[in-house]
Structure formats: C-alpha cells, structure tokens
Amino acid sequence: MEAAARRRKHPGAAGGASAQPGASFLQARHSTAKADEAASTAPFHLDLWFYFTLQNWVLDFGRPIAMLVFPLEWFPLNKPSVGDYFHMAYNIITPFLLLKLIERSPRTLPRSMIYISIITFIMGASIHLVGDSVNHRLLFSGYQHHLSVRENPIIKNLKPETLIDSFELLYYYDEYLGHSMWYIPFFLILFMYFSGCFTPIKAESSMPGVALLLVMPSGLYYWYLVTEGQIFILFTFTFFAMLALVLHQKRKHLFLDSNGLFLFCSFALTLLLVALWVGWLWDDAVLRKKYPGVIYVPEPWAFYTLHVSGRR
C-alpha cells in the first residue's frame, strides 16, 4: 500500500529511470550520425563539374562572342541579342547546378544561407544582364571598352549632359552592383561547399585522371571571370580563406577529397594566370589610365577593343 501511494505521489520516479536509457540512446544515435557525416566522403562529381565548366564557357565566356558573330539582322539593336538569351540560360542553369552541388555535399550546410545566396545571385546576375546587354550593343555604335564612360567619343558630346549621368548609372549597375550581387554569393556558396570536402582518409585525397583534364579549362574560365568581372580582391580573399581552412583541417588530420582538390587546384591555376596576365600588360599606358590605383587587373574586353578590334 505504501509503495503504491509513493508511486501515485511521484509518478515520474519510476519512469525517470526508464527514460534515461532512451535519452542516452537518442544522444548516442545523434553522435553516430555526426560521426558518419564527418567520415563520409563524396565521390568525384564528374557530371556536375563537367556541366558546370561547359555551361560557364558556352553561356558566360561565349556570350559576348556570340553577339559579335551572329548577324545583326537576326537580332536588331532594339531587341535582345543572342548573348542576352545565353545570359538568361546562365541565370537559370547555374543556380540549379549550384543547388545540385550543395545536395551532394557530405556535410550538412546551412540552408537559410544557401537560399539567401542563391536568391541574391539570381538578382545580381539579372541586373548584370540588362546593363551588360546595353553596353555590348553600344559596341556597334563605336563604344570603346578601354575608355571610361565620359571619355567615349559617342557619349562625351551627348546633350543634355544629364544623359551621360544615365549611362554612368547603367555602367554602375553593370560593373559594380550587378557584379557584387552576382559574384559574392557565388563564391560564398563555393566556399561553403568546399568546407565540407574533407576526409580523414589520406588515401582518398587525390583526383582521378579525368579531374586533372578539367582543371585547365576550369581554371582558365575563372581567370576570365576574375579579370572581366573585376573581382580580384574577392577571389583572392576566397582563395586564401580556402587555404587557411585546409591548413586548419590538416591539424585535425583531415584532408581534401577529390572534389575539394579539384576546386582548390582550379583556383590556384587561376591565381597564376591572373599574375601572368597582369605582368604581360603591366606597362600598357592606355589600360593603366583606365585602371588606376594599386589593384591593376585589365579586362580582356578592354584589351580586345584597344589592341585587336582597333587594328581591323
């Protein structure tokens, strides 16, 4: 009777002892899941990296080239050009590939940060689409990319002069705001993915032969992205953040897997190519005037309008 009365008075006493094993089981299960996540290693994503590199070359690098190659009669100046359609496709395919890449990460990444980054990326790339479309269409009217907006022959004599301010605003949307909202979330997503590309097994820290073949076109594309997008500081910060993370994880006996090695080697090659590009054009007086200051990284299209198209 007394025992029954004590059980009625303290109903949780008997259940507390049985609840402890259940809580311990859940805690152990959670710890095991985290350990499995840390120990798991993703195989090399050949399909995603190949599609990613291919669409970067075709839809981004090939965009201004297609605008010059296709006959003007097919895409009048008051209508979207073929390059604009390339850009629209890029704005859809690239976020999709980035999301697929994040899905395959062996590490659970912060979803809210991923979603905000993807949304900002799409908005920035879309702003750039409009500004870049008009700026490249101005090439057919004699616009020269190696000169500033106010120094261009077709713009400096516009009346009223407030029209020049409008073109400078367009240039700002294209080269500054659009690029910032496009590239900052782009590299942030790649860095977050890179942070999950580590394995405790040193033997898995190697790239297959096909990955080595993709490093060159991937690194060469990022060279174009850094120079044409004028994002040398952002890219350099991202690369050295990746390097710092590699050194930090090495202390924990964690090594880059094949996907992390591919991304890191591509960025290292890009940094080398940018250094060679800057060294080659170091004494160019005209480009120096357009890109004053400590950071001197000329755009490939400025070089094209100055040294290539001007000779035709």
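Note: Cβ is positioned from N, Cα and C throughout, glycine not excepted.
The model shown is predicted, which means the values in this text are computed figures rather than measured ones.
The compositional bias 'Basic residues' annotation in TrEMBL covers 1-11.
Per TrEMBL, region 'Disordered' is recorded for 1-20.
Note on the transmembrane segment (85-102): residues 45, 48, 51-52, 55-56, 58-60, 62-63, 66, 109, 114, 118, 121-122, 125-126, 128-129, 132-133, 186, 189, 192-193 of its chain, located 6 or more positions outside it, place their CB under 8 angstroms from a CB of the stretch. Annotation source TrEMBL lists transmembrane segment at 85-102 (among others).
Feature annotation from TrEMBL assigns transmembrane segment to 114-131 (among others).
Under the heading transmembrane segment, TrEMBL lists 176-194 (among others).
If you look up TrEMBL, you'll see 206-224 (among others) marked as transmembrane segment.
Among residues of the same chain six or more beyond the transmembrane segment (230-248), those with a C-beta under 8 A of the stretch's C-beta atoms are 175, 179, 183-184, 187, 190-191, 194-195, 222, 256, 263-264, 267-268, 270-271, 274, 295, 297, 299. Summarising the annotation, TrEMBL assigns transmembrane segment to 230-248 (among others).
Under the heading transmembrane segment, TrEMBL lists 260-282 (among others).
Counting Cβ pairs under 8 Å to the transmembrane segment (206-224), the top-ranked stretch among 114-131, 176-194, 260-282 is 260-282. The list of residues near the transmembrane segment (176-194) in space but at least 6 beyond its ends in sequence, with Cβ under 8 angstroms from a Cβ of it, reads 98, 101-102, 105, 109-110, 113-114, 116-118, 120-121, 123-125, 127-128, 131-132, 225, 229-231, 234-235, 238, 241-242, 245, 260, 263-264.
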